[in-house]
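Enquirer: Here you go, one structure.
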């Protein structure tokens, strides 16, 4: 990319000779993998200083300033001072010459036919009439913009103003910087902007604070409400409130920073949740004993879509060498003609489902990243050509469209998570896991994830409703001057709500996946106990005579062990010797089958197999329940014979984080802890950004490419 300096001292991030329409720049920005892009965002997020120059602000930096409450500092590029001053001086010179300029000597919007020579008073009136927001009572925060979104808006707005096209003094930008670095946040109304001619109403409250309007409050570092004077003092801004010069009020409010600032925060989370959904889909395949061929690169290469190819490659990487996949292969080889040939859509087509959502979120991210580095004022002050340009860069369809599209993608991700969760808790589909992931020995007093499944349906329903677009609900405003408008902030707000719901769904699903992992561990260890006990009892009652000699009609217990292998453990393990449960029924059927083949020998009590069935069953009923109970206690105390397979998988960092760092555990009816308490821990961790490191650790060995086709 080539750069040049314009007359305002700003550096342009495009070259008219080589890329006049900016398509190449847009395409270049999408190079590399989505995971690499997330890593860059996280790296930007964790830097202690954000150096602003007007053209290089990133999504990660906006998210950092928004959420760190002063822990990350902002520094303005001193090189920009001259360009900013030049545009400010141009406005003053123009007014001194009697030039008629919009927003300087004229009214605003549909009333721009009005004229005045009192430029300062005009700016004050602009701020006054735009202070039209409603905050509600002091105890009610539902009508206030979240302080994180306000911090994001402040950062984005003065990044735009730094480019030197807005006609505002550098000192005002320095004052806003002091507010940010001092963690002093203006109070902005949540509603009241259509994000065309910018976010006029909310931004007017930042301007109101700068000029000392009594109704413009701010919140201090400890959450205390501050008057304008208290805010200035705490921020260390000397010289008192600002007397706005001509154009400066318009420069402060005529921007899209509130919508694009919130969009930046939303997209930082959306990108993280998108990668999380890919990894969780792979874990879902592991615990469901899925067939990994759905990730084969040839399938996805033939479809050509990069999002799908990357989603499949990520899942392929997680599943490569997975201990669960190796074990599942043995399961699938047993009676293959009696099992489905392929997995259901929620597993098998997860790369095809998630791929387009990744592409949409990436495209939206780049669109918003361009937006937060753009100039949105009207008019634009072009010092080099000695003119003010009247246009419409405040028309923020990039925000509205990007957020509508992102919200639809988020809803689609949520729909897949819900489908996967529904299969996971349903014993008709989940390949042997207990119904609703019941973890205790008494399912009649343990209903596992039944409540969580109901909650997931609620989350998913609300999320699908939020997927509806905002931008098709435009109303003509401001005396039909603003007859089309973007609704960018409204769309950003709704997408923020959608992201929050997806966090709830992801938290619940992740807790359920960890429950399933532990249940597979329990299943494997208890099956060893069942097989060992059946084998020993069979040897004593079916193979050896009372005198210690081999029984004339003995048969190997191997066939009985095959019965145990074929039967889902959780279909009988709560009462393993119950006559109506499948284990005892099928063991008896196997013995009867052998007895029928025994022919004439069944007539003699010494050689009959049939006569020994009762003895076999009686001894098994005496021993097996005790052995199972003892094994459960040992496993709960961490003394299992077989270690948890998850430790041999690339998905282990996420499991370890949820279980060890967050302190969650296997949920059972005997324990007091509820599913919601465990989901809350994961939800809080996601909101605090703590899940990013274990998530990326799952992919630390991935080289950014699918496995070679072999």
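All positions are counted from 1 along the displayed chain.
Every residue, even glycine, has its Cβ placed from backbone N, Cα and C.
So Swiss-Prot lists these for the protein:
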type     : residues                          : note
ACT_SITE : 102                               : active site, proton donor/acceptor
BINDING  : 254, 342, 348, 378, 450, 478, 481 : (E)-cinnamate binding site
MOD_RES  : 197                               : 2,3-didehydroalanine (Ser)
Enquirer: What does DSSP assign residue 342 ((E)-cinnamate binding site), in three states?
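Expert: Looking at the DSSP assignment, residue 342 ((E)-cinnamate binding site) belongs to neither helix nor strand, so coil.
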Enquirer: Between residue 254 ((E)-cinnamate binding site) and the residue listed as 'active site, proton donor/acceptor', what C-alpha distance do you get in Å?
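Expert: So the alpha carbons of residue 254 ((E)-cinnamate binding site) and the residue listed as 'active site, proton donor/acceptor' sit roughly 12 Å from each other.
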Enquirer: Out of 102, 342, 348, 378, 450, the recorded positions in the record, which is closest to the residue listed as '2,3-didehydroalanine (Ser)' when you go by Cα distance?
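Expert: Looking at Cα distances from the residue listed as '2,3-didehydroalanine (Ser)', the smallest one goes to 378.
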Enquirer: Using a 10 Å cut-off, grab the number of neighbouring Cβ atoms around the Cβ of the residue listed as '2,3-didehydroalanine (Ser)', all chains included.
Expert: 25
Enquirer: Using the structure shown, find which entry in 254, 342, 378 (the binding-site residues) has the sparsest Cβ neighbourhood within 10 Å.
Expert: 342
Enquirer: Using Cβ-Cβ distances, find the residues under 8 Å from residue 348 ((E)-cinnamate binding site) that belong to the same chain and are at least 6 apart in sequence, listing them in sequence order.
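Expert: 290, 294, 342 - these are the non-local Cβ neighbours of residue 348 ((E)-cinnamate binding site), listed in sequence order.
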Enquirer: Between residue 450 ((E)-cinnamate binding site) and residue 102 (active site, proton donor/acceptor), what is the CA-CA distance rounded to a whole number of Å?
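Expert: Each residue's Cα considered, residue 450 ((E)-cinnamate binding site) and residue 102 (active site, proton donor/acceptor) end up 62 Å apart.
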Enquirer: Can you tell me the CA-to-CA distance separating residue 102 (active site, proton donor/acceptor) and residue 378 ((E)-cinnamate binding site), as a whole number of Å?
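Expert: On Cα coordinates alone, these residues lie 8 Å apart.
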